[in-house]
Every structure is written in structure tokens, then in C-alpha cells.
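Marked as transmembrane segment by Swiss-Prot: 54-74, 85-105, 139-159, 174-194, 200-220, 240-260, 286-306, 327-347, 381-401, 410-430, 438-458, 467-487 (among others).
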Amino acid sequence: MLTMGTALSQQVDANWQTYIMIAVYFLILIVIGFYGYKQATGNLSEYMLGGRSIGPYITALSAGASDMSGWMIMELPGSVYSTGLSAMWITIGLTLGAYINYFVVAPRLRVYTELAGDAITLPDFFKNRLNDKNNVLKIISGLIIVVFFTLYTHSGFVSGGKLFESAFGLDYHFGLILVAFIVIFYTFFGGYLAVSITDFFQGVIMLIAMVMVPIVAMMNLNGWGTFHDVAAMKPTNLNLFKGLSFIGIISLFSWGLGYFGQPHIIVRFMSIKSHKMLPKARRLGISWMAVGLLGAVAVGLTGIAFVPAYHIKLEDPETLFIVMSQVLFHPLVGGFLLAAILAAIMSTISSQLLVTSSSLTEDFYKLIRGEEKAKTHQKEFVMIGRLSVLVVAIVAIAIAWNPNDTILNLVGNAWAGFGASFSPLVLFALYWKGLTRAGAVSGMVSGALVVIVWIAWIKPLAHINEIFGLYEIIPGFIVSVIVTYVVSKLTKKPGAFVETDLNKVRDIVREK
């Protein structure tokens, strides 16, 4: 019987083409980083938001690639492999959430952030939207971004380290440092433009990989009959409603709630050239997402038949895609498929690093230096932004040094944190004139606290009653909505300018 490490080491050691393909991929990213650096004007908005000049197709794939991360290629197939088709509920929830996000959040956010003081970060938008003169809302929301995104970013570094450990038999820490070096390089120098272009490039690679692997796997197994074989091995494998409890299904489906408040995703809407381009972006983005997620599910299902057929001992389900790509393909193609995993991982890391850097620079450093200095010392602020990328990356690497957690748990905690803190607030800010600063702060903080308390003290009680195992975004989101609404009703109403701005945003969005 082959062990995963033996099978992969034999192939990689014998075929240097795999290493060449990875090296070429890294070289392309470095070139894009230089291109972004050459295009930069020394303006903070250019570095952090691409000067709001990004087209619909780059917007669509960069949003998708930065969203899906290594989770789509490593964790989702592994989850389907372990539990069967019932794991697909998360893909349904995510696709629905992303689709609604394009309609409900994207157009208004693009228009409103420019109208409200040309805000380039979410905390800056909240401040301008609610006339937060003492910056309490801006500071708290900025802190939430820095804390949760550092956690989120470290999950990407964990994925990178695990990839090199599994595929090449290299030390986990070496892989972590290598991935970190490349992604820091093009993010540090190229800024938002480089990150967006690399995300587009990486999104294409990811899509090809997620279509190619399950098709070739079926060709090498029993064709479409592979799914019959999978069902014969265990009937629940192809049952959407078996293998998980009702609470489990609801928890997976509820991931879609998080989309409205994920800064690294909705910043894509802020950077597009015009809100009128969003329908094109939506059509491409949702199509890309649907095909990619279905491909990931297909990898997991075919893997159920593939592993015993090839006598492979799969020690970690999250490495299923790696094993299949190395066993089924020529090393050159295998290198391309490993590059797809790196693409998924690095696209998310770079986006998260840049958003966190934006928050540190725009939401904190600007408070120290002052608004006037920010206007007259743009190059200084760009340099602070670059240094912030480096600092956040170093902290995330330090946390990722101990990889004792699953990718989904790491991502799930951060996703829930943003979903409960920001999703209700973003929706209220874009649609409700009655939102107050006190309501916004209270709702945001209560959502984050509920998520933290649920993870730390409630979830461990799941063995007593499964309701305690509910995904933390649900109670966090509900509490945040209630607190935001109640506190806003009880506190001083904002000025008339809010209703005027909301009406103006609505009218602009309706323009054809």
C-alpha cells in the first residue's frame, strides 16, 4: 500500500518539471508585482484601492479568488471526501450569499464610499457615513479588522506550509516562509493593482484546475459510473440530507451571511471603475464561483473512489487534491495544479494583508499624523502602508508557526467574526437612515463578542446539546442586528444629510 508521503516523494524526486512549473509561477507573480510598482503614482488611494479604476473582469475574478482561498481546493474536497455530499450545503450558502451581495451591497457601496468623503477603507466609510467626529467607530472597526484579519491571514500561511510539506516532503516551516516571501513581495511593492491582477491570473488557474482534476479522475476510474461506485460504497455519500444533523446543515448554509461584511471581498466593489460595470462582474464572478465549487465537490466525491482504487493511504483528507494531481498527471501538469493551490492560498493572503495595511495606515496612522499631513505627504503614507504589510505578515507567520488546527476552523472563526461584526452594519449603513453612531458601535462590538464567547465557551458544550455546536455567525449576526436597531432607536438621530445622501445614492444606482 502506498502512503501519501511515499507516493508523492517518488514522483517529485524523479521529476524536476514540477519544481520548474512552481518556479515559473512564482516568477510571474514577481513580474506582476514590479508592474504594479511601476504603475504606482505615490498616491495612497492608488496603492490601497487602485484609484477606483479596475475593470469588471478583474473585479470579478479577484473577488472570487481572494474569497475562496486554499479552502476551496484543500478543505472543501476533504470535507466532501469525509462526510459525503451533505458538505455541499456550504457551497449553496456561499453561492447564494455572494449572488445577493452583488445586488444588495456592491452598487450602493461603490457609490456611497466615493460620495462619503472618497473613503478607501470600510472604517473610513463608517466614520463619514455617521459623522463620527471623535473616531470611536473608526478605531473600533479598524481594530476588529486588524485582529480578525491577522487570524485569517495566518490560516493562509498554514495552508501554504501544509502544501509544501505534503507535496514535496519539505519542512512545513520552509514552505510557510517561501509562500510568505513571494506574497509579501508583490503585495509590498505592487499594492492593490498588483494584487488584483495576480488574483485574476490566479483565478483562471484555479478554475482550470477544479475542472481538470475531477474529469481526469473519472476517466481513470469508471467514467460517470464513478458516482454509482461512490454511492455503492456508502449510500449516504450522495445524499444531500444525510451525514449531517439539521444544526450541521444550517451551520454550513449560514456561511453566506458573512459576505456582506468581508472587507477583502467588498473592497473589490469599492475599486471598480463604475457601478454600472457590476452586472458584468456579477455574471462572471458567480459563474466562476459556481463552477469552481462544483469542481471542488466533484474532487471530493471522486476521491472517495480514487483513494481505494489506487491503494493510497490518505492520512489527511485536506491533501486529497494534492494526492490526485500528483498521481494522475504528468509532473509538468502536476506542477501547474500545485500552482493552482498556491494561487488560491496566495490570492487571499495578499488581499487580506492589503486590507489590514489599509486599516493601519488610513484608520490609525492618519489619526496620529492628521488629515492635512495625509493630503500633503502621500508618499509617506504609502511607505507606512508597505511597512504595515510587512508587520502584519510577520505576526501572522508567528501565529502560523504552530499548525495544529484545520484550515476550515481557522477560516470559519475569522469569517464569523467579520460576518457578525460588519455584515449587519454594512446593510444598515447602506439602507437605513435611522442608524446612529451608538447603534453602529454597539451592534458591531456585540456581534464580535458573541462570536468570541460562542467559540470559547459555548461550542465546547456541543456534546451536551447539538444546538451549542451551531456556527457562531448565526447568534453573532442576530445579536448584532437586534442591538444595532434597538440602540439606534434609543439614541440621537443623525442629521438630515444622511437621508439626502441615501436618496442620492439610490438615484445614482438606479441610473442606466
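The backbone N, Cα and C atoms fix where each Cβ goes, and this holds for glycine too.
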Cβ pairs under 8 Å between the transmembrane segment (327-347) and the transmembrane segment (85-105), at least three: no
Result, the transmembrane segment (139-159) in contact with the transmembrane segment (381-401) (3+ CB pairs under 8 Å): yes
Best-contacting stretch, by C-beta pairs under 8 Å, relative to the transmembrane segment (438-458) and drawn from 139-159, 200-220, 240-260, 410-430: 410-430
Long-range environment of the transmembrane segment (410-430) - Cβ separation under 8 angstroms, sequence gap at least 6: 69, 71, 75, 104-105, 108-109, 112, 122, 125-126, 129-130, 141, 144, 148-149, 151-152, 154-155, 158, 255, 257-263, 266, 439-440, 443-445, 447-448, 450-452, 455, 471-473, 476-477, 479-481, 484-485, 488, 505
Contact set, same chain, for the transmembrane segment (240-260): CB under 8 Å, 6 or more residues outside the stretch: 83-90, 92-98, 100-101, 104-105, 266, 412, 415-416, 418-419, 422-424, 426-427, 466-467, 469-471, 473-474, 477
